[in-house]
């Protein structure tokens, strides 16, 4: 009996020394069952943070603007319907990113084969092809207002232009380059034209041509040019290379075009780097804040989604991890995720080897993406994370059957406040993102069903989505080649 007694004593001692599970108190607020319609007469200056009239010198030290999620434009739609559409878009986008990351595809890098800064509010996009977040900028001289998608998974800046051979319906007037004194065509022999993967040429006009094709079949094509962009608050940026699309079709909805925020040579951050440096950051508020707001105030009071370019983008409170380069796909922002904790304890099955990029094939790795909603992890890592969360959340009632891409959901109907295990993401270099519970347990109906907002993928690349990013100021420090996360950054 002595060995058995000794073993029992060891087990009791280990249990006494075991770290208790860490929990958050989570306010369980179901989705509203009532249809939502965005206010019809919302002042753009309230929503987007100021007039688009250019400052006298246009020489702002930084660019800072608000952004808005696409759900803010909903018309007679319930929150559950918005979520269903969002998850459908998300599935398509994640599949496109996985394909492009592994194959060096043209869609992601934005072209077809054949001490200061700038800030603006962000709005989520209205379709898979048009992304999730929007901002309003001025294009040309005088400035024509244009609702633009912001996308870290694309490089080329483009918008619809008159005259249209084919144009989809957009919010506001279509930009007409013939009425702008600052519009400049790019010659076929110009270095800018050669930076397109395979820029075409209109030989009659000696005009550089561009085309961007997206994985969902959406396409934009037209003249490649330079133009002046004006941002809320008066910051003006001259000679931005962009596509002036006369032939556009697909799933673009409402937006006039796209502001590519990727790492490539034609992205907006790269183009403005001489003036503002290669750093920018964004902070995305809770995606349901505008659609569920009873007041309908899309400006969000003191909390609104914003983007900042320039030295002000790099906050002192962020913890940083090195950027990782994928030689087969220059657009995406890769980081090295080395582990995840649940309840304060590292999950043994979330192996760094399952999340590492293979530079020789372009497969694997983890990217931070503004346009994907749900974080997707390589299947073995996700399974380990899910099982650890289920074990630590054993006191919550599982809801059978799952929901859409979520396989772990809970019935919290009738409960106001519950305790949920903490979840933290750990990155190379010691950076950590300790997620608030709203970033990983989300309502999916009005009955009190909440789902664990992670998913598994067999597509090669893992993606940290915007649901997990909300509330953080996410810093893309191109000068320092690092990505940072600052909690409560909005």
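Even glycines carry a Cβ here, placed using N, Cα and C.
Here TrEMBL gives region 'Disordered' for one range in the set 22-45, 46-69, 70-93, 94-117: that range is 94-117. The two recorded residues, residue 369 (active site) and residue 151 (active site), show a Cα separation of 8 Å. Every protein chain considered, the tally of other Cβ atoms within 10 Å of the Cβ of residue 151 (active site) stands at 25.
Computed over the domain 'Peptidase A1' (133-486), the whole-number mean pLDDT of the model equals 90. Within 10 Å of the Cβ of residue 369 (active site) there are 25 other Cβ atoms, across all protein chains.
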